[in-house]
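To start, the structure under review is shown below, and the notes come after it.
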Amino acid sequence: MSLDIVILAAGQGTRMRSALPKVLHPVAGNSMLGHVIHSARQLSPVGIHVVIGHGADAVREQLAADDLNFVMQDKQLGTGHAVAQALPALTAETVLILYGDVPLIEVETLQRLLKRVTPEQLGLLTVKLDDPTGYGRIVRDDQHRVCAIVEHKDATDAQKAITEGNTGILAVPASHLQDWLGRLSNNNAQGEYYLTDVIAMAVNDGLVVATEQPHDAMEVQGANDRKQLSELERHYQLREARRLMAAGVTLRDPSRFDVRGEVSVGRDVLIDINVILEGKVIIEDDVVIGPNCVIKDSTLRKGVVVKANSHIDGALLGECSDAGPFARLRPGSVLGAKAHVGNFVELKNANLGEGAKVGHLTYLGDAEVGARTNIGAGTITCNYDGANKHKTTLGADVFIGSNNSLVAPVDILDGATTAAGSTITQNVPAEQLGVARARQRNIEGWKRPVKITKD
């Protein structure tokens, strides 16, 4: 059965008190609308149609993709009117309607809903709530069949007592949708064209309204203000924490842990408090991540240890390598197996061979470092001449003394040593000592300056 998905994302979101369109406000590092689109793609539709209005240019700019069709709703005249704007582009047998400010909806829930759709039956997602204030109420007959949805502002006191609420998410046979939308009226308290009115039309036309419910009511929670947005954020993070713990991760405190991307994990991983995982992160078995670390778009091989307060971005850490505390690995950094990067070390586009050591207070940019090479404290690669970047190459078993400046381009070959305090501007041959510093001179009779005293 072919599927079109319509995502309603035209609302202004005035209660957010923001110039940013409501659907672009982030949850876990991705916009709310971005989460909905991600779920929609997993259903393999023939088309994803995003109805936009307020802040349309910003939405297009942030989320433009070949598989998205943006449809303009110039005037916000209700959800039924919004879906009608997408009608000319719909070609599939079934239409699923989602909302751009409901980011936590699970793909499995939508799959169950879609299974309810036949040419003579539509699927409606409802939710049981302790306090359904603000939700449209699901009205059922004496045989428990859905017969209508009544919006909260139009409901009688008896209808307001109903605890089954409408989520707005429904899947309908496309063959009926155009007719129902054409018959909508705005004769209601809001003066809008309610999509929910198609339920009563379907019943009157002899169709069955089959309902499904999410496993968790937060799946269908929207965000109309910053408080609700924060609630979605926290629920998402706890959900991700539970998923990782089920996969074999120990989290010191699941409430102090954030995922802001796509994370895959091995077994027996230990993650301390205040760790943020961003982008695409791969963590293999037996990895340990200390507190207050950020890991972004990186791969941590088996047995890696990242110590406290380290920032790893776009890096590959080989088996049993370690970094930190207070290490910064920037994009293009690679640590070979058992390589060591210590405190206050920054790497950028640098490749450390197996067993190489950079203990502390060092910057290596655009560098190739051979196996077992040791780099002393205070060393920097001078890789930028003001116009272009240049490479520093260190062979295997090199020893770089403390407080060295390696002025690229420069090669220091296998087994070479550089003396402490050197500024290396020329290649150092294998097994030789490079010394590049002024000779020490001791001045006899020298007197320290004396502070001038004021009268």
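All positions are counted from 1 along the displayed chain.
Glycine too: its Cβ is placed from the backbone N, Cα and C atoms.
Checking the candidates S333, S402 against Swiss-Prot: the one annotated together with A377, N383, Y384, A420, R437 at the acetyl-CoA site is S402.
Non-local neighbours of the region 'Linker' (227-247) in the same chain are 16, 25, 27-28, 32, 103-104, 218, 221, 254-255, 257-259, 263, 265, 267, 269, 271; each lies 6+ residues outside the stretch with a CB under 8 Å from one of its CB atoms. Within 10 Å of D101 (Mg(2+) binding site), judged by CA to CA distance, lie the following recorded positions from the set L8, H360, A377, N383, Y384, R437: L8.
Of all Cα pairs drawn from A377, N383, Y384, S402, A420, R437, which the record names as binding acetyl-CoA, the longest spans 22 Å.
Cα proximity to H360 (active site, proton acceptor) (within 10 Å) is found for the following binding-site residues from L8, G100, R330, A377, N383, R437: A377. In this structure, the binding-site residues under consideration are N224, N374, N383, S402, and the one with the smallest number of other Cβ atoms within 10 Å of its Cβ is N224.
Note: the CA-CA distance between L8 (UDP-N-acetyl-alpha-D-glucosamine binding site) and Y384 (acetyl-CoA binding site) rounds to 49 Å.
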